[in-house]
Amino acid sequence: EPPSHNPVRTPNKKIPSPSPSRSKASPARSAKKPPPDSPNPDDSSLDNPDLGPFLLKLARDTIASGEGPTKALDYAIRAAKSFERCAVEGEPSLDLAMSLHVLAAIYCSLGRFDEAVPVLEQAIQVPDVERGPDHALAAFSGHMQLGDTYSMLGQAEKSIGCYEQGLKIQIQALGETDARVGETCRYLAEAHVQAMQFDKAEELCKKTLEIHHAHSEPASLEEAADRRLMALVCEAKGDYEAALEHLVLASMAMIANGQENEVASIDVSIGNIYMSLCRFDEAIFSYQKALTVFKSSKGDNHPSVASVFVRLADLYHRTGKLRESKSYCENALRIFAKPVPGTTAEEIAGGLTEISAIYESVDEPEEALKLLQKAMKLLEDKPGQQSTIAGIEARIGVMFYILGRYDESRNSFESAVTKLRASGERKSAFFGVVLNQMGLACVQLFKIDEAAELFEEARAILEQECGPCHQDTLGVYSNLAATYDAMGRVEDAIEILEYVLKLREEKLGIANPDFEDEKNRLAELLKEAGRSRNRKAKSLENLIDPNSKRTAKKEGTKKWGFRI
């Protein structure tokens, strides 16, 4: 089978490999040399039925010998054309499908993912799954490889669609309880985690556990991998007790199988759950256990050691021990500055991003910004990292906003939004939050109409994904009401604020301090409604940062606060 690229993992989260038989993504290599000239399609030699297998073998041997993918690409192109010419009309050729898989894999190894897509789209049209298991396997492999390629292009929605089609074909050929179906279910669950579709991921994880429970011994490595992924899903959904239970069971399975380093990695995850539950002493114990193992097995300067330092820095920051927190941050940065051989750019970028969050929390936005920019530079040439880069750009936008650099803030948010739209995450709650933050930057630049459009889109997404009572959704309601008033759309602002107050009174309670603020704001608007607004809207001035150089002289009105 041709090599394939695994889907991008969730940033800063270690997700178990979906299957030991699947290879990891190859480092991207830029195609500095121009592609070889395609063979003349009229070349009569390609009509020889013995030429296709010979050229395909040459392509594989060339890759295996390390001569380079460019020469192998030439052989693979000619092999595919030969198989296509020699195919009997009406008879699907598995040799053609195989040659297209190899050709696409070579394109991917050259970093030419866009060229691999049409090749794989042709390949999945060749097999006829009704003709038996060989055709079903070829169709399954083609869909999974196409999904991997879309993943490397950052197109998560298309990627998941291909995986789902591959799973459907596999179930049709093997049945729903085959162990190989379980592996594919976990693979698809990881893709859903990456796309932050946790309900679908949880459903697939449960199915995977059931299949492996039927086929594997108790406390197997397969079960441990399933439970680690399930724990990640439960943690993302806020079900920390369930996540802890899955991690403990996974740890017991790893101990039974003598996987010491994997046990240490699970200890880090257990520490994260304890910290989320505010059980800080137990979290420290878990982190220290993992740190001892990593230092003894991998060395003091391994990125795994740095990752534990980052977790300890975060813990001590949360407990108010800022000196200890800063010390652990500096130790982690020292390791990331001189990484040991084998350290990936993704590991370093993830660590820098986490440390930047700590610096942001201690009111050092300049230092946080520098770390985020370093992280983005490490990932900018890496395929399949579009979603991760978009997340970093959104954080950079927040830092620019805090520093009062609103033009740069808006540009960072705009770049993040563009990437998230392209990757199929335009319906996620995170996307809604980024739209809200971009709207805030637009307000500071007096781009009120653009801000209103962004808040409206954010409202629609967050209402769908989080519900109207979620804090993020309520924040967007408040921002949109303020913007409407600034635009002179008083009735629309009144309508939103009345809806928010009704939600608070009926479902959330009125103890929240925002209730009185919103009540007073509504009273002001109701008082003004029906009057001629012969002045610049008060709300506009009250929405603008008072430190902005473009802010006009303030009038004596109550301030409308924007909510990030």
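Cβ coordinates come from backbone N, Cα and C, glycine included.
Note that TrEMBL annotation is computational and uncurated.
On a predicted model such as this, the values are computed, not experimentally measured, just so you know.
Annotated features, as they stand in TrEMBL:
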COMPBIAS  20-29  compositional bias 'Low complexity'
COMPBIAS  41-51  compositional bias 'Low complexity'
REGION    1-51  region 'Disordered'
REGION    537-564  region 'Disordered'
REPEAT    264-297  repeat 'TPR'
REPEAT    349-382  repeat 'TPR'
REPEAT    474-507  repeat 'TPR'
Folded-back contacts onto the repeat 'TPR' (264-297), same chain, C-beta under 8 angstroms, at least six residues removed: 14, 228, 231-232, 235, 240-241, 243-244, 247-248, 250-251, 254, 304-305, 307-309, 311-312, 314-315, 318-319
Taken over the repeat 'TPR' (349-382), the model's mean pLDDT: 93
Secondary structure tally of the repeat 'TPR' (264-297) (DSSP, helix then strand then coil): 31 helix, 0 strand, 3 coil
DSSP-assigned states of the repeat 'TPR' (474-507) in counts, ordered helix, strand, coil: 31 helix, 0 strand, 3 coil
Residues in the repeat 'TPR' (349-382) grouped by DSSP into helix, strand and remaining coil: 28 helix, 0 strand, 6 coil
